[in-house]
Amino acid sequence: MNNTIETILAHRSIRKFTAVPITDEQRQTIIQAGLAASSSSMLQVVSIVRVTDSEKRNELAQFAGNQAYVESAAEFLVFCIDYQRHATINPDVQADFTELTLIGAVDSGIMAQNCLLAAESMGLGGVYIGGLRNSAAQVDELLGLPENSAVLFGMCLGHPDQNPEVKPRLPAHVVVHENQYQELNLDDIQSYDQTMQAYYASRTSNQKLSTWSQEVTGKLAGESRPHILPYLNSKGLAKR
């Protein structure tokens, strides 16, 4: 197993950081790794807003659900769909197709994971902040995003000040299907629930008595940010 694979498999979300800054060289390398990511049809429809202003960091932390590490991380990056670049080049660009919004979301995720993997390869850590979408319009206004662009998620990066366990994932045979979709075997989920129950009960922080099935059922039982589609539409995206 090479160093790249070891780094990927050792991924943990880091939510507590030291006060040590990320160097300019490290930051530039992380960004270059992101820019090297695959891009659908070479459209390059992602923009990153690096937030260094402490007041804006404080507001973003509140918008994300009072996640203090948005303020304390050495770096905070916000990943956005961006077709305004293209509309500036050619005003006839039709950015309102849902397909283009999906491309922007997919490419943003690919770019962000490249950034995070590059950071982790340097001994840094990070965590995604999807909670920005709780207040997408307010975040959008704070960052001054133009038409044809939209906020997707944030990313905290810094030197880890914690050493959490690696969270067990679903087994590959549950996730990977051969030739066609296979019906779920609930015995596999029951076994995984036992694994996750042991993990939740024994991890070093935020211990709880729960299973994966209970967690995802609670998460998916109600509405999930119903304001997102109107927000995207208001930015000229995902209209048709």
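If you go along the chain as it appears here, the first residue is 1 and each next one adds 1.
Note: Cβ is positioned from N, Cα and C throughout, glycine not excepted.
Going by Swiss-Prot, these are the annotated features:
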BINDING   11-15, S39, 67-69, 128-131, 167-169  FMN binding site
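Sequence features annotated in Swiss-Prot and their locations in the structure.
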residue	record	DSSP class
H11	FMN binding site	coil
Q67	FMN binding site	coil
I129	FMN binding site	strand
P168	FMN binding site	coil
Which is it, of S13, Q67: the one of these binding-site residues whose Cβ has the most other Cβ atoms within 10 Å?
-> Q67
Within the same chain, the residues at least 6 apart in sequence whose Cβ is under 8 angstroms from that of R15 (FMN binding site) are Q67, Y69, V127, C156, Q162
Using a Cβ-Cβ cut-off under 8 angstroms and a sequence gap of six or more, which residues of the chain neighbour I129 (FMN binding site)?
-> A64, Q67, V70, F76, F153, G154, M155, C156
Are there any residues in the same chain, six or more apart in sequence, whose C-beta is under 8 angstroms from the C-beta of P168 (FMN binding site), and if so which?
-> Y192, T195, M196, Y199
Tally every other Cβ atom lying within 10 Å of the Cβ atom of H11 (FMN binding site).
-> 15
Measure the Cβ-based neighbour count of Y69 (FMN binding site), defined as the other Cβ atoms within 10 Å of its Cβ.
-> 20
Nonlocal residues around G131 (FMN binding site), in sequence order (Cβ under 8 Å, 6 or more apart) = F63, A64, G65, Q67
